[in-house]
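Visitor: Feature table excerpt (TrEMBL):
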SIGNAL    1-28  signal peptide
BINDING   SER115, GLU186, HIS214  Mg(2+) binding site
BINDING   ARG349, ASP363  ATP binding site
Amino acid sequence: MSRARCHLRAALFLAAVSSRGATTGVAARRVLSAWPAPQEPGMEYQDAVRTLNTLQTNANCLEQVKRQRGDPQTQLEAMRLYLARSGLQVEDLDQLNIIHITGTKGKASHRTQGSPHLVQVRERIRINGQPISPELFTKHFWRLYHRLEETKDDSSCVSMPGYFRFLTLMAFHVFLQEKVDLAVMEVGIGGAYDCTNIVKKPVVCGVSSLGIDHTGLLGDTMEKIAWQKGGIFKCGVPAFTVLQPDGPLAVLRDRAQQISCPLYLCPPLEALEEGGPLLTLGLEGEHQQANAALALQLARCWLQQKGYRDTGELKASRPSLLGQLPLAPVFQPTSHMQHGLRDTEWPGRTQLLRRGPLTWYLDGAHTTSSMQACVRWFRQALQSRERPGGGSEVRVLLFNSTGDRDSAALLKLLQPCQFDYTVFCPNLTEVSSTDNADQQNFTVTLDQVLLRCLAHQQHWSRLHEDQASPEPGGPAPLLLAPRPAHTHSASSLVFSCISHALQWISQGRDPVFQPPSPPRVLFAHPVAGSGAVVLQEAAAIHVLVTGSLHLVGGVLKLLEPSLSQ
């Protein structure tokens, strides 16, 4: 019996479910199997990742993408050609039984292919919930890379696909050859023009919560972004979304109606709990309620279409919320679904690590809406904490933001958390990442990322100056509860890498993270010495790491060395 029938995670929370030994597997492509595995010396995992990194999109290419976004055929046709050069046709993808997901927040909560990696790039392609092995990644990478090299046209200005396109192509090959029952594909950016949108016949589509992100590519309003996200809808293919603001929800509804896509609104999770047990979520945060509701609907829809009988007992139907969309079925989640929700883990999203006097709060929030959710989670976690019997408590923010995101807006949302110290650093585990290909980023220079950190520090200082001296007639200053006498709310430091930042924050008090060398401040700051004394003497240190998934990943790599194994 297929594993997909046994667990909800097999239907949604895993990127793909292997069916080795099952009767529902997908036949592998012979052309891929015929390619010889690379035998050249030195072609190890790190070599594959270094070569993959050369496909990272630079700023000039991004500008070209922005100019071409009005013509979806330009980008989608290029992806189809890459697919053909790799030995597959679009029709081959129908065998994968794809669940296609887009949205601004919550895509990664469904554990899909395509999520940004935290520690190693192989996390982006998962089978049975686990990143593919370094050996499997290396084998499939070189097979695909050599095939594309052999078929490239030197007269073309773009002979190799970019970073995300390559990984998407590689995921298709891996999933087909490993004979998965289904594949959950996550959109990279947007939907309409995204390279994953070459899929013609997904089993079901999902749109998670929408927010403002990637405005340079998707537009600067929620309605424009919703139009892009609705681009994954297909004629006759059911789609589900969670409750959205009226404007974006109307756009999604119109997009679905134009192509005869049956679109449903997910009822809140509380509706599925009526008359049954309360649903426990493995992922913390109020926003995960909507993600779980969407996950259950997508899983149930897939199971029904594949003929499985145990899909949850249907309850009485309800009228649609807001009257804009029909409401998705209200049903009693099966025991397997309940276990799937409870057992789901996703590092770097509302994750706590308690180590001695330090508690690390890790959340990769990088949009205004996700940062609001992060702040709510952090403050709630502080309220429910066990307070030390004696001594002071210190709050530290470790922050970075990349791309075209409004870091000033994100930092403003973090002010109510009342941090004693704020630390900024690039998304680099070490100053030199030559020995760690997974952390390499060729799209920016070291000078550029350090200057951006200094800009974050300036934004933070201005926010506190504005708070201390509000304009006449302006809003009243934010009233915050008293903090200990050692508080320096505007005190901030900039470090050259994550390792140096963690050395200063932990002051050798984390039982796992014990760096061999002393920390170095990139630019001298008078609070560095006094702050170190405060951290050394504190009874409890609460550290929130946020603003960038890649920053969180770098921190996890150092705090949890086992993740790199």
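Note that Cβ sites are derived from N, Cα and C of the backbone, with glycine treated the same way.
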Visitor: Taking only the Cα atoms, work out how far ASP363 (ATP binding site) lies from GLU186 (Mg(2+) binding site), in Å, as a whole number.
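Guide: A Cα-Cα distance of 20 Å.
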Visitor: I'm trying to understand the geometry here, so how far is the Cα atom of ARG349 (ATP binding site) from the Cα atom of GLU186 (Mg(2+) binding site), in Å to the nearest whole number?
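Guide: Just about 17 Å between their Cα atoms.
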Visitor: Among all protein chains shown, how many Cβ atoms are found within 10 Å of the Cβ of GLU186 (Mg(2+) binding site), not counting that one?
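Guide: Cβ-Cβ neighbours of GLU186 (Mg(2+) binding site) within 10 Å number 26.
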